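Visitor: Quick paste from Swiss-Prot:
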- SER452: active site, charge relay system (ACT_SITE)
- ASP463: active site, charge relay system (ACT_SITE)
- LYS477: active site, charge relay system (ACT_SITE)
- 238-322: domain 'PDZ' (DOMAIN)
- 1-22: signal peptide (SIGNAL)
Amino acid sequence: MNTFFRLTALAGLLALAGQSFAVEDITRADQIPVLKEETQHATVSERVTSRFTRSHYRQFDLDEAFSAKIFDRYLNLLDYSHNVLLASDVEQFAKKKTVLGDELRTGKLDVFYDLYNLAQKRRFERYQYALKVLERPMDFTGNDTFNLDRSKAPWPKDEAELNALWDGKVKFDELSLKLTGKSDKEIRETLTRRYKFAIRRLAQTNSEDVFSLAMTAFAREIDPHTNYLSPRNTEQFNTEMSLSLEGIGAVLQMDDDYTVINSLVAGGPAAKSKSISVGDRIVGVGQAGKPMVDVIGWRLDDVVALIKGPKGSKVRLEILPAGKGTKTRIITLTRERIRLEDRAVKMSVKTVGKEKVGVLDIPGFYVGLTDDVKVQLQKLEKQNVNSIVIDLRSNGGGALTEAVSLSGLFIPSGPIVQVRDNNGKVREDSDTDGVVYYKGPLVVLVDRFSASASEIFAAAMQDYGRALIVGEPTFGKGTVQQYRSLNRIYDQMLRPEWPALGSVQYTIQKFYRVNGGSTQRKGVTPDIIMPTGNEETETGEKFEDNALPWDSIDAAKYVKSDDLAPFGPELLKEHNARIAKDPEFQYIMKDIARFNAMKDKRNIVSLNYAQREKENNEEDALRLARINDRFKREGKPLLKKLDDLPKDYQEPDPYLDETVKIALDLAHLEKEKPAEQAAANK
């Protein structure tokens, strides 16, 4: 599953107010409203099209070929799993795919609305069929399987093939609940409520939903960071910028019927719990003292409305971990106000023998970061640390000015980043103060979620030879977006009945390193690459549809501060020797082997109860064995079952632990270098 990397989101969509209202059971297709374009949408479409075609960094023609691509994307947004529409439905509308560009320019979006209305009808038929399937006896003893990802599969050719897909879907839903311990009666009651609720949702869909989906299909076909924001999402964007969110600190998105964790806000309740990961699915939400509400199939904004609440109140989330497992867990979080100021740099000191390494954990490039880092550097200097590690893992970026000024703390002066617009004009952003605030050994730790401003800093430190970069190749987001309202001053005078018209966010520039290479797609390749664990590996700009290409420009004029390349072989040798014996890295290597062995089958799950229970038990047994291995090494009493795990238990961080050791290796080598140079000069 590719995710859209949103650098503007502080707590995702957790401030969206959903609309939930009572609706009687929908039993006929004619009870589903036929959605039509609202009067303001024609103007909005014209303005969006004009903005994208004239001002976007990627220069493109909204011709028939591009129109066809928009159609295909819209189709997949409507029916991601290819289990709602028939092949004949797709074929019927495919004849009109080349006219979408004209529709966007004129604002007459007939194809978009007609196709959406057909999908609504087909979705109603599917859930009606699913309710009938629930009446059948449950049997989980066969060898059936279910494909979790049908996004590349052909559309079903007839209703019989479609029914077979939904037989499997219902069986998957039933088995997922059975594995949580529910009885057959409870399973039927839960799924009946879920499917009827999904049908009622169809009656609550409005014209803006169709329009937003059409604009999203258009925007995403240009590049993955270009967006149309509906009036509601524009309000949310402005709320985020005013730093007044209250929630759990997570960016959410829909994936088929599931609400999925897209990313976590550093310092927020979800991140601090250490119990929620990117890719996890929220399947239930419960308020204090109230029963858990099944939210599978809900609209995203309504799930968000349940999660939101007053600061200090508690919310329970039923989490289905990423992957194909079906064992859920309940997590209780205390809602907090998510403010950018709360995401400040955190300093710690790691001791290895008699030596000390300072660690600066930077979750985001907020305004004021550089001044905060100066203060922490002074504290570390007083503690006489041997080396410093800057941890940029999961740092999605932030203020470009802070990336430049932070880089300036570690070099005398010089260009930090080059920025080019779509006219080819290049500017340099430089450090000019001539002051170095820290001259000692420096290591920067990155991962696949380090993006944008993080990559600018890491690239500058690497190009200047100022720091050793370790970890995973970074995300590869090397573009700049601009936000613009679609409202005009005269709108309210001429059309006072119109609501707000929303806004757009689109790409206008690209970043380039001082060596001339772009950070786009390729990101920053570490000097020492750590093995990647068992998480989803297809994360990064190069996996996003329509990501702008990598390219290069002339290098800026800069003078390297140092050259760490001669230390590379020795540092790598020591690193490899350590991780070959480190139990935590041995776990990681085994997970990699397991992941690769199952790669082709990771989306195919068994619908056999005994097989699935065996898989779940094996996962639990593996985790328990590893925890007990750690406890044994630490001299702690062993656990009999996972339920006995202390609530304050924290998983080790082998990547940071190893980076600290690399930082000490670098300090030793840099200390030896002057003596070697003096001997060579004699």
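Placement of Cβ uses the backbone N, Cα and C atoms for every residue, glycine included.
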Visitor: In whole Å, how far does the CA atom of SER452 (active site, charge relay system) lie from that of ASP463 (active site, charge relay system)?
Guide: 16
Visitor: Which one of these active-site residues, SER452, ASP463, LYS477, has the sparsest Cβ neighbourhood, judged by other Cβ atoms within 10 angstroms?
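Guide: Each of the active-site residues SER452, ASP463, LYS477 was scored by Cβ atoms within 10 Å; lowest is ASP463.
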Visitor: Between LYS477 (active site, charge relay system) and ASP463 (active site, charge relay system), what C-alpha distance do you get in Å?
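Guide: Their Cα atoms are separated by 18 Å.
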Visitor: Reported in the order helix, strand, coil, what are the DSSP residue counts of the domain 'PDZ' (238-322)?
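Guide: Counting residues by DSSP class gives 17 helix, 32 strand, 36 coil.
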Visitor: Could you tell me the mean pLDDT the prediction assigns to the domain 'PDZ' (238-322)?
Guide: 79
